[in-house]
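Visitor: If you look up TrEMBL, you'll see 35-65, 66-100, 136-170, 272-306, 411-445 marked as repeat 'PPR'. Here TrEMBL flags 501-583 as domain 'DYW'.
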Amino acid sequence: MFFESAAVVRQLRGSSDLVVVASSHAAFLKAGALTVSAFNHLVHGYARCEGVGDARRLFDEMPQRNVVSWTSLMAGYVHASQPHGAVSLFSDMMVSGARPNAFTFATALNACSHLSDIESGRAIHARSETCGSRSDVFVASALVNMYGKSNHVDDARMVFDEMVERNAVTWGSMISAYAQNARGHQAIALFGEFLGASSCAHLLPNHFMLSSVISACASTGKLGLGRTAHASVLRRGYASNEVILNGLIDMYSKCGCIDLARKVFDCIDRPSLIPCTAMIVASAKYGLGDHALQLFDEMLARGIEPNSITLLGVLHACNHCGLVDTGLLHLNSMRDKYGITPIASHYASVVDMLGRAGRLDEAYELSNQIKAEGDDALMLWSSLLSACRTHQRLDIAVEAGKRLAEFNRDVAGAYVAMSNAYVAAGKMDGATRIWTEMQRRGIKKDPACSWVEIKDVVYVFRTGDVSSASVRQDEVMELLKELEVRMRERGYVGRGNGWELDFEEEGKGVMVGVHSERLALGFGLVVTPKGMTIRVMKNLRMCRDCHEAFKLVSDIVEREIVVRDLNRFHLFRNGSCTCRDYW
């Protein structure tokens, strides 16, 4: 009987069914037609259909192999989420004397990306140079991705800059490398370069690139560009891509637009775990605990199992709303109800929750029970110390301070919190000791700054310095003085730590003692249309005096004001805040 090998090969190429691959294998065996090409098609077929073990056994049986044989199996390992197997196979290939091609290098580098294996990646990079494949666009793109995923962003940029030809994947990989390594401003700048180059090269942004840009906008608070990226998502037909939708929820919430985040979420017909978790976390940060817990209940009712991040969001929601007993209930049921073992970040949230509620002894006891290390321990004891300042528990504050002093790193925020705890309790000698220790260790408090984005331009203000307002300085000063008068008419007293309008002689643009967020607010009120929401970003925690002032201002000017500080979001409207004065 005549064996139609071409027909079997066509069947193999188009199939994603392991049974079809096995039957094709049997047909080749029966016909005695197992050539190198046939072996390769079968290896690739098994690997594509989740049968990488069968692919490896067949590979080992091959009397002869070529570069396609090696590359197909390596790709199978990557596809099966076994990147170690791909890297090991590449080493075996080098020993065998087979010569890799561009696809082999790209596949091996992809495996290193999954592993963040910079050592193996550099070795493969060097090999690609000697084999003359380094200039290939696919190899170079894989190198950019590998260095980015391994947190070596400057190496990725070096490869990127040396490329003669770039495609959308290359640009997307470099933008992603910046976005994933907390270099959002550079990601946004590079996206701007892409838009300039794309008109000449006829390149279009793909969903991967847009997702990275949206992530960069979220980390930098660039709402204007985030909206532009959202518009591009709609134009390109990616509105149903869940990764992008999740990024949009995160971006809008981090840019002070919780209502827009909800609109994106509500457009998803049946949201899965990832967007549900994103919306729960976003609601928690705005103090919308009831909404976050309602979303969680709806998610469970639809049979969606939470993950560790979801439950962290639930704990944050309970924390920011003072739902202490509810939060403890969720913590204690994590293991039995959902099979999730609490980790240090869960416990740190609960310690913070207990501390905010004044249950310092319980918080201290739990802190001692947790085996936290590194950043987790730093976050845990810093949270406890902050609560001690609020509730004037110097005994626990001293112990928390000792734990933090063990860290050989900058813990300025914790030291400042400890000194404030002494000041609040009237123990100035203790505060002086803390300041002396900070000087001895060379620890400096981060200078406070706040910023607002107006028509895609960011204006940064520092305490007492209104010079960023440029020609509008006098208007900002006059407005702040007017607001002070109107607030005091409503009973505002202030604590002398944020709204004292003390002008220095010949010090134009200087308002001694005025906190940065108030200057940013004043500028926003001056330059934006009446009724428009003002969004202020701040690098440190908002003080209670400023918080009280912003509530009054929101009512006086009849505007919504959003403040994103170090810990959370505050949404001020009609004289109140979504945090209900609990943060």
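Note that Cβ sites are derived from N, Cα and C of the backbone, with glycine treated the same way.
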Visitor: According to DSSP, how is the repeat 'PPR' (66-100) divided among helix, strand and coil residues?
Guide: 27 helix, 0 strand, 8 coil
Visitor: What average pLDDT does the predicted model assign to the repeat 'PPR' (136-170)?
Guide: 93
Visitor: Determine which residues of the chain contact the repeat 'PPR' (136-170) at the Cβ level, with the cut-off under 8 Å and only residues 6 or more beyond its ends counted.
Guide: 102-103, 105-106, 109-110, 112-114, 116-118, 121, 125, 128, 176-178, 180-181, 183, 197, 201, 203-206, 208-209
